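For reference, the structure is listed below as structure tokens.
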Amino acid sequence: MEINKFRALSRRAQQLHYTSLNGLKRRCNNAHGAANFHSLKRATQTQIQKSQTKPLLKCGDSDIKEWNVAISSYMRTGRCNEALRVFKRMPRWSSVSYNGMISGYLRNGEFELARKLFDEMPERDLVSWNVMIKGYVRNRNLGKARELFEIMPERDVCSWNTMLSGYAQNGCVDDARSVFDRMPEKNDVSWNALLSAYVQNSKMEEACMLFKSRENWALVSWNCLLGGFVKKKKIVEARQFFDSMNVRDVVSWNTIITGYAQSGKIDEARQLFDESPVQDVFTWTAMVSGYIQNRMVEEARELFDKMPERNEVSWNAMLAGYVQGERMEMAKELFDVMPCRNVSTWNTMITGYAQCGKISEAKNLFDKMPKRDPVSWAAMIAGYSQSGHSFEALRLFVQMEREGGRLNRSSFSSALSTCADVVALELGKQLHGRLVKGGYETGCFVGNALLLMYCKCGSIEEANDLFKEMAGKDIVSWNTMIAGYSRHGFGEVALRFFESMKREGLKPDDATMVAVLSACSHTGLVDKGRQYFYTMTQDYGVMPNSQHYACMVDLLGRAGLLEDAHNLMKNMPFEPDAAIWGTLLGASRVHGNTELAETAADKIFAMEPENSGMYVLLSNLYASSGRWGDVGKLRVRMRDKGVKKVPGYSWIEIQNKTHTFSVGDEFHPEKDEIFAFLEELDLRMKKAGYVSKTSVVLHDVEEEEKERMVRYHSERLAVAYGIMRVSSGRPIRVIKNLRVCEDCHNAIKYMARITGRLIILRDNNRFHHFKDGSCSCGDYW
């Protein structure tokens with residue numbers, strides 16, 4: 001009964017499709033009729049599809065053709081299991097049956113099932129081999145495709161073209177050429193595939209040689225080579241080639257117009273636009289996009305308003321112009337009147353709001369999206385991450401996974417960046433594992449995000465291991481490692497990386513020299529740092545900016561050369577900013593130069609009156625000098641100006657759970673155990689020679705109370721908890737939102753020595769590696 005029903009519906013649908021529609025089409029001679037025709041055609045095709053997906057359950061039917069049609073119908077709608085049930089119930093199989101199953105499996109991503117069925121075929125025809133090879137090529141598994149290709153009993157031009165196109169589309173140009181040269185017979189597809197391979201991989205010299213070696217190229221081939229010149233920004237050669245074309249179509253004109261626009265020659269582009277004998281919506285869109293790329297948004301809008309018709313690309317191009325110019329009000333007005341929006345439209349608006357810091361507007365649009373793609377998720381995650389909403393970014397990443405969103409490199413990169421910001425090393429490692437499992441190569445884009453995550457999370461060794469494995473390294477990769485080792489206090493290692501980078505032929509940039517000067521500062525290499533600073537313009541073309549000067553002030557200040565540092569600031573080609581004055585203030589505190597510290601502080605308070613950190617630095621210097629009256633005055637000044645000291649917090653991640661501590665923390669569920677452990681540890685530290693530095697504590701407090709107050713600082717509580725709960729042999733990683741206090745720094749050195757643990761503390765300035773009673777910072781931070 002089921003098979004008869006299927007036959008009747010199928011015949012009825014086919015009759016309607018091939019007879020009624022053809023007759024109707026002949027009668028549709030106007031635009032309205034054509035629209036009706038296409039509408040009816042779509043409706044009929046839907047009816048056919050529904051009729052062809054009826055299940056076939058009756059056994060013993062001898063009409064193999066109808067069984068094969070049913071298999072094809074199920075496979076087209078992704079119902080592989082139903083197709084397999086039909087296949088198993090067939091009275092017999094033909095090569096068409098097998099090929100339908102194999103191609104269906106491949107279309108639905110079931111490569112193992114396709115290969116299994118292919119291997120089980122009692123007899124394969126040429127179509128079977130070609131289908132299987134094409135499936136591997138589409139999946140970019142060229143190795144498997146090549147294996148099958150080499151053992152084929154016979155090949156036709158389709159077989160050769162499949163391998164040729166596979167190599168061409170995946171950038172294997174030499175392999176594509178090898179296949180091309182071996183082909184016993186070539187057709188237009190073969191020649192165009194190789195030409196496209198050369199063009200897509202920017203091998204224009206080879207493309208031109210191939211083009212000259214043959215006559216009678218089709219227009220599509222001429223346009224392909226023209227597009228290659230444009231892609232390489234060889235606009236002169238593109239124009240010469242364009243002028244030599246005997247026949248041009250709208251694609252030719254659109255390509256050359258785009259080329260001029262992308263090269264910044266917008267007037268020439270407009271002249272070609274006006275001369276174009278035929279213009280379609282893409283011609284107009286190319287010109288609008290050209291204006292936008294050249295920051296001529298008003299001209300773009302004027303042309304946009306004149307367009308005889310617009311498509312989604314046109315609307316999105318104009319929208320992107322407003323977003324790039326951060327004119328979000330105009331973008332919103334355009335967005336609201338758009339007759340058609342696709343996922344790219346929504347993504348553009350979300351990205352625009354996020355980049356302008358309007359994260360709530362971005363999230364509001366994100367929630368309203370009818371459909372999201374990986375770019376949508378990545379844009380929203382990046383928006384949260386870049387605006388400092390780190391935990392929201394991670395929460396959204398987890399939500400994306402739960403909802404089945406497809407991960408891409410951008411979403412991984414944003415999530416890794418967020419892990420770096422909140423120092424979530426364990427989560428970062430899990431993401432690294434997901435990347436490896438997902439088959440993502442550790443190339444520059446994702447690899448650099450991983451490097452930064454490991455460096456910022458205090459795992460410089462794992463960063464180094466990853467760096468060695470990276471397939472491709474760019475200037476960002478090297479800069480990350482140089483800056484990472486520098487910030488961790490291993491300046492000499494950082495400088496070795498710098499020398500290696502130069503040997504690799506990479507030219508240092510601004511960021512490189514900031515990291516190098518910082519490494520010299522942390523290592524105490526004053527003369528070497530001066531040499532780099534005064535020769536980097538001549539040697540590398542890097543002009544000193546405020547960051548480079550700040551590094552030099554830190555270098556000189558760290559060495560106690562405070563007057564030299566101050567004189568350097570006086571001779572700067574621009575006024576020192578608050579960061580540079582803050583560096584001088586920090587150096588003055590370390591070396592006890594109160595007068596220079598006050599000068600620096602006054603400058604900072606004028607620039608950043610609410611910078612509580614600088615008040616604290618100066619207050620600590622006064623306290624260390626016993627100037628308690630000045631401490632009191634400074635606190636009154638802070639109160640009058642409404643400046644509040646940022647509370648200090650420290651946290652540690654243990655088994656994917658973050659434990660946060662404040663000074664004298666009374667809320668942690670294990671506080672009694674932690675305090676008791678600290679009391680016991682404090683006794684052992686004193687026996688080893690530790691003396692509490694209480695000079696920064698208020699002078700009207702008893703000495704014993706002073707010791708108790710510094711003992712329960714947040715960083716010491718976090719370190720103690722880490723010693724208690726992190727298994728032996730693993731480093732203890734603690735983060736503090738402020739600069740570590742002098743007494744805690746000294747105490748943690750003793751804690752590391754007594755317990756034999758490696759303690760890595762990241763404060764708001766740098767990393768401290770405590771081991772065997774010493775710190776990588778050399779007691780200067």
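Using N, Cα and C of the backbone, Cβ positions are placed for all residues, glycine too.
Note that the structure is predicted; figures quoted are calculated from it, not measured.
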Per Swiss-Prot, the range holding region 'Type E(+) motif', considering 253-283, 656-686: 656-686
Residues of the parent chain within Cβ reach of the region 'Type E(+) motif' (656-686), under 8 Å, 6 or more residues beyond its termini: 424, 426-427, 647-650, 709, 711-718, 720-721, 723-724, 747, 750-751, 754-755
Three-state composition of the repeat 'PPR 5' (191-217), taking helix and strand from DSSP: 19 helix, 0 strand, 8 coil
Counts by DSSP class (helix H/G/I, strand E/B, coil) across the region 'Type E(+) motif' (656-686): 16 helix, 6 strand, 9 coil
DSSP helix/strand/coil residue counts for the repeat 'PPR 3' (129-155): 20 helix, 0 strand, 7 coil
